[in-house]
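Record features (TrEMBL):
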| type | residues | note |
| --- | --- | --- |
| DOMAIN | 16-104 | domain 'Ig-like' |
| DOMAIN | 118-198 | domain 'Ig-like' |
| DOMAIN | 201-295 | domain 'Ig-like' |
| REGION | 329-359 | region 'Disordered' |
| TRANSMEM | 300-321 | transmembrane segment |
Amino acid sequence: AGFIKSPLSQKRLTQDSVELYCEAIGNPIPEIQWWFEGNEPNETYAQLWDGARQDRVKINATYNLHSTSTIYIANLTNDDSGMYECRASNDPDRNHLSKSPKVKWIRSQANVFVIERPDIKAHVNGVSGKLILTCNMTAPYPVIEGHEWMHGDKILQTDVESSAFTSYVIEGKMEEHSGIYECVYKTSPVIKGQVNISVPPQVVAYKKSEHGNEGDTGVLTCKNPSFPPVSSWVWYKNGQEPIINGSGRYIIKSSGNKTELRILKLNIEEDTGDYHCNATNSYGFGGATVNLRVRSRLAALWPFLGIVAEVLILVTIIFIYEKRRKPDEVLDDDDGGSAPLKSNATNHKDKNVRQRNAN
């Protein structure tokens, strides 16, 4: 057996997690085990198994073409510091209780250093239309090589200062910028603090006015883009009692910061009106209104019938105009063509008579 990947030594903070990876090759495929030796003087190696340390240890192994194994330790404490050893062997007698294996276990080691997590005091203050976010890390702490401020995956600000204090300024109101912000200290390992801007639900309707056809299913939607998430949603209609999910023709689907009210087989008289979606979280409540209009199934035909009527009227006008215009034009052409011919013939006859008499 031989290693093709060995675990790497790492530094971690208390309450963090760590993952070590080991990969071995051989014929037959070798078995992999994990062992640990603490930093206490009299402590010796002890084998680790899946579920050890009050189920904080998880070990996954696969044996396909070669051996791979991963050990994951959650919620680290100072007692998790020490030497972790990946052992591999494909000797048939490797686990025999009385026989010594012909080939010893090969070993690969990695140190895990667990450092006490420094305390970070985080605050947010609103001053003159601005939000000031601050983090201050208490001693002792590792060397600081800079800071970052993050919101989700977006980096908002970065610097290379070594101070334990860092701040970030936001222009606007708390309701417009709620969420989870992180102050990141560039240390080894990286230390992060968290600043929460928390507000009551800022509920908005997906559409303030919804339209549906009679007999179809109407869908009304509200969402809450603010932090913290909504703990409960309630729908009302025109100030009446709360709508109960599954009652009558109502179906309510709520998940976190979104809620949806479905109304089956819409009725013009019963379902038209204002619907209110109310949300509640640990900081208060908020709501929005959606107006629902239900149309008759024949409503979609009216535009088409209007177009047909306009076409018929236009065709009728053209037909009447052409019918009246053609007879008048034919009569004018006949009269205008005969009169000049008659007049010309008369003039020529008189002229010839006068010429003969003169001779």
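These residue numbers are counts, starting from 1, taken along the chain as shown.
Including glycine, each Cβ sits where the backbone N, Cα and C put it.
Note on the domain 'Ig-like' (201-295): mean pLDDT across this stretch is 93. DSSP places the residues of the domain 'Ig-like' (201-295) in helix, strand and coil in these numbers: 4 helix, 52 strand, 39 coil.
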